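Student: My questions will all concern the structure given below.
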Amino acid sequence: MRSATLALLASYLLISLVHFCYYPKWQQAGAEATISYDVSGYYMYLPAAFIYQDLKEVKFLDDVISDYRPTSDPYQAFTHESGNRVMKYSLGQSVMYLPFFAVAHGWASVSEIYPADGFSHPYQFMISLGSLLVSFLGLYWLMVLLRHYFREEAVALTLLCIAFGTNYLNYSAIDGAMTHNNVFTLYALLLLTTHRFYTKASWRRALLIGGCIGLMALTRPTEIIAALLPILWGLDLTKKGAIQERLAFFGQHWAKLVGAAAVTLAIGSLQLFYWKYVSGDWIVYSYQDQGFDWLKAHIYHGLFSYKAGWLVYTPLMAFGALGFLPLFFQRREIFFPTFLHAVLFIYVAFAWSVWWYGGSLGQRTMVQAYVTLSFPLAAFLGWVFGWEKDLEASRSDEGAEGPSSVQGLGAQPQVQGVAKEQGKTSAKILPFFIGGLLLLFTWHNLWFTHQAHRGGLFLTEQMTETYFWRTLYTFDKNYDDRLALDTPEFFPGEATIGQLLYENDFEDRSTDDCGLTPVTGNGALCLVAKQQNSPDFITDIDLPPRTWIRASVDVKIDQPRGNRDNSAQMIIAFRRNGVEVKRRMIRMHRVLNHDWRRSVHIDSKVPDAGADQVVVSFWNGGNSQPGMVLDGLRVFTVE
């Protein structure tokens, strides 16, 4: 059995084990179920059309949220000025769910156990299973595609890198019902069909290209940029006469190109007809307050931030970016379409105002781009490990044409200096170094995939640099570490109490309004609706810059809080000449939710420019929040 086939089977095995054994999402409830959050929005067309016959008002949505809790609010649809409710997301994903929805509805309809309501177990299971099958197709088509351009070893390792070492694992095995898995598979089919179209232009292939682009754009409208790939595929812009040759090819097959465009437009028009039917308008902007920051794209944050940076959480794909250089020398006719698409894709993806793509493990929006990025990744791996591609000797997949016969894909002359340098480098330490990094980055991805689900250390949309490094590659859940999501300052190591700066036992305060007894003694500070803010507890200080100060307080609550925006806050601030020069804050319920009576502390260093006062204060999270009592406040230096 060929090595790429073995790699494909290994990828299938891993994805299946994660899907069925590690985290069977269809067995989860509420917001962790398969049909929850964004997936429920993509999917909502199907029960609305086929079960409730209610595409205009979507009256059933409130009952679904009450019964199944896929989201906390009905954001899947908004009320249009016409009075009807319009789906937020486009309908392409529903089109791809449709076969699996049909099986699920048939199952539920004959079942005496499950209601045929669109959200019971058969629907959750079949949407999950369908997504798994889609991922299998995507990886298979990608393998067939890459075999046309790279040696078997490079194809095999590329497949393993994507399946084991990137967040594709999460978005195929666990969150496969998200759009990224389906669009990844459509990209693979699009490029494979494009390759074959330039080998032998046929109507079937032209229409399939149009169908892929249309369905991709119907699923995620920005994927219309995928149209660049079939237009530019195989075009070496450094080759004299290449553009004229391509234009001549287009002129020869203009009718097929028009047919492909017509299919794309026909599929895209489904969304227009839906909008017209529901709202009376042909065009509706359904994302409302979200949009694109075209002039201030968030590219740096999208790539490198700890909140959701692509290369922070999927560092293996840095090799895909680096691989464009060897790809330029190895396969220039593939370099230009993939590079231009990657640049445009990244710009569009991170121009989106919600650039962290809520609920994302790393950058989920990049997952579908892994098909095009697999080319530079394979080129990089081939360069590192010395797997030079001999086009004439390459073996194509069974029944597919070899790359040497592709029209307009002129043979790329071997760049001898580069080849010699590849051989010299590969013979030395580089393969071992890169191999070690591949293993580390694979472990990195597997660890984060675990922590995003059963491990619980990855907290989407909240990650910070301090928390990232405090928890990286650990498995013990220490809830005190979660305070690093709010403040970057933690005293390193074991703290020894130095100078006591302030103390208050609140013995003169009553806790009657809170309905709680003091932690110790006869009095405590009660924070409740009518008094949600504490006084400022101010202490004059004369301490050197960068002296560590800790404020500690004993706290008691009688119920947890799920919304971090309503968590009680503990604040330490520094003033100089009456002006605040530094502030740190922690959300106390990050730890109190797991221990209703405990001591909570916050650390901070005296600012470099100095300070003459330190101020500690508390906020109870809003006037609708239950009461809490604070006792034994201490402010002291630590060393």
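Glycine too: its Cβ is placed from the backbone N, Cα and C atoms.
Curation does not apply to TrEMBL; its annotations are automatic.
Summarising the annotation, TrEMBL assigns transmembrane segment to 123-142, 154-171, 177-194, 253-275, 310-329, 335-357, 369-387, 429-448. Look at TrEMBL and you will find 124-229 tagged as domain 'Glycosyltransferase RgtA/B/C/D-like'.
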Student: Tell me, please, if the transmembrane segment (310-329) and the transmembrane segment (429-448) are in contact, taking contact as 3+ Cβ pairs under 8 Å between residues separated by 6 or more positions?
Tutor: yes
Student: Please report, as numbers and ranges, the same-chain residues at least 6 past the borders of the transmembrane segment (369-387) whose CB is under 8 Å from any CB of it.
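Tutor: Answer is 138, 142, 145-146, 149-151, 153-155, 157-158, 161-162, 166, 168, 184, 187-188, 191, 229, 317, 319-324, 326-327, 330-331, 334-335, 337-339, 341-342, 345-346, 349, 422-423, 425-427, 430-431, 434.
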Student: What parts of the chain pack near the transmembrane segment (429-448), using Cβ distances under 8 Å and only residues at least 6 beyond its ends?
Tutor: 161, 164-167, 169, 313-316, 319, 361-362, 384-386, 455, 458, 473
Student: Using DSSP, what is the helix/strand/coil residue split across the domain 'Glycosyltransferase RgtA/B/C/D-like' (124-229)?
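Tutor: Taking each residue of the domain 'Glycosyltransferase RgtA/B/C/D-like' (124-229) in turn, the totals are 90 helix, 0 strand, 16 coil.
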Student: Any idea what the model's mean pLDDT is for the domain 'Glycosyltransferase RgtA/B/C/D-like' (124-229)?
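Tutor: Residues in the domain 'Glycosyltransferase RgtA/B/C/D-like' (124-229) carry a mean pLDDT of 98 in this prediction.
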